[in-house]
């Protein structure tokens, strides 16, 4: 596996040329593609880039797998369950390939950065045409061209790139909201996490490239951007210029046309006063902070290599809420980490009760080969993990319900995102604190900011009445 390569301008021009050649060859043909995406928002945005390249090469999107000429699976390696699900799904494609031998099937993403997975694909899934990872998406046109012109499986995995690849075509899922990468990779090496091995070391995009992308989005009518990174708080540390994540937020806040700025994910050890003040003071930065705590026991946090304590985390929460009283705080929590006792788990429940998160994404610890935690003694019994997860979910659901109920009768600002999937007479909107509100309204309001009065609340969604359109 080649390590840490530098991608030259010549290489990118070569890929551009191949895209044009494939597009020319596809002229007049009705060719279709389908992409299935697993995992985080980074993967979702990677799939948007793959879709952008496919559209530039003359393919159109289809929901119908039977109609597809190119079928891609963009995979996630964070939890074992996700890997099993992906491989199960890929195995179902054998019959589809038998019915349509010209179908190109590709598997990409974080799972492909694991050597054992690539070997398994070669041995058990001979009908797969293309295998590539997270670092060479830019090379997809060439890989597709090779697959179209060969009977052999095309495998291209690199360990990392020294530079950030800019200006890949993007076919965005929304005309209103956009994902914007600001930093790739992770340097934290939490003992349970495979991400540093699949996504590489931290690489920040240059601020001028981010600003140019956001300005272009504003010109196209996008209202909301979400800044993406495994740890956005590390942004700029690897750059030669004087730029931090908070300073980047100030620059983006000045861009005309953008109404809302969100970001994810933040590591608690890197939360700065500067960032807290930026969220407080910048009118476009939404009052929502996703701050994964993972556990409430100092013993477990140390074993996880999280580099903060329960007390430090609670201090951060106090500082955030004293500066931004109405902020919504969400988190990630893992139960059943190796060595977690009942006392350790009770520390987690105590933290949840004290912080009162608006929502928590809760997971059972999943052993990942190649991580430090996979070889730790005292692995927790599965039945115990599931029992603890149920108790945690029960507590958090109660808190989420109570937090939502606090908004009943209040008027909140929402961005109207589209027609409700469950009731075509209603619109779906989102508050600045990232809560979903449904209300009766005309579809001409989509893309507008409005004030809505909350009439009913559940743990995750709310019902409201339109008060006024802001703009």
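Glycine too: its Cβ is placed from the backbone N, Cα and C atoms.
Feature annotations, reproduced from Swiss-Prot:
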DOMAIN    31-149  domain 'MTTase N-terminal'
BINDING   40, 76, 110  [4Fe-4S] cluster 1 binding site
DOMAIN    172-402  domain 'Radical SAM core'
BINDING   186, 190, 193  [4Fe-4S] cluster 2 binding site
DOMAIN    405-468  domain 'TRAM'
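What Swiss-Prot annotates, mapped onto the structure for a quick look.
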residue: 40; record: [4Fe-4S] cluster 1 binding site; Cβ neighbours (10 Å): 18
residue: 76; record: [4Fe-4S] cluster 1 binding site; Cβ neighbours (10 Å): 21
residue: 110; record: [4Fe-4S] cluster 1 binding site; Cβ neighbours (10 Å): 27
residue: 186; record: [4Fe-4S] cluster 2 binding site; Cβ neighbours (10 Å): 22
residue: 190; record: [4Fe-4S] cluster 2 binding site; Cβ neighbours (10 Å): 22
residue: 193; record: [4Fe-4S] cluster 2 binding site; Cβ neighbours (10 Å): 22
Three-class DSSP assignment, residue 186 ([4Fe-4S] cluster 2 binding site), comes back as coil
Cα of residue 110 ([4Fe-4S] cluster 1 binding site) to Cα of residue 186 ([4Fe-4S] cluster 2 binding site), in Å and rounded, measures 13
Across the domain 'TRAM' (405-468) the predicted model averages a pLDDT of 96
Rounding to whole Å, the Cα atoms of residue 76 ([4Fe-4S] cluster 1 binding site) and residue 193 ([4Fe-4S] cluster 2 binding site) are apart by 12
Helix, strand and coil residue totals from DSSP for the domain 'TRAM' (405-468) stand at 4 helix, 37 strand, 23 coil
Cα of residue 190 ([4Fe-4S] cluster 2 binding site) to Cα of residue 40 ([4Fe-4S] cluster 1 binding site), in Å and rounded, measures 17
Residues sitting within 8 A of the centre of the 186, 190, 193 CB atoms ([4Fe-4S] cluster 2 site), not counting those, run 188, 189, 192, 194, 195, 196, 230
The rounded CA-CA distance in Å from residue 186 ([4Fe-4S] cluster 2 binding site) to residue 40 ([4Fe-4S] cluster 1 binding site) is 14
Rounded Cα distance in angstrom between residue 40 ([4Fe-4S] cluster 1 binding site) and residue 193 ([4Fe-4S] cluster 2 binding site) is 14
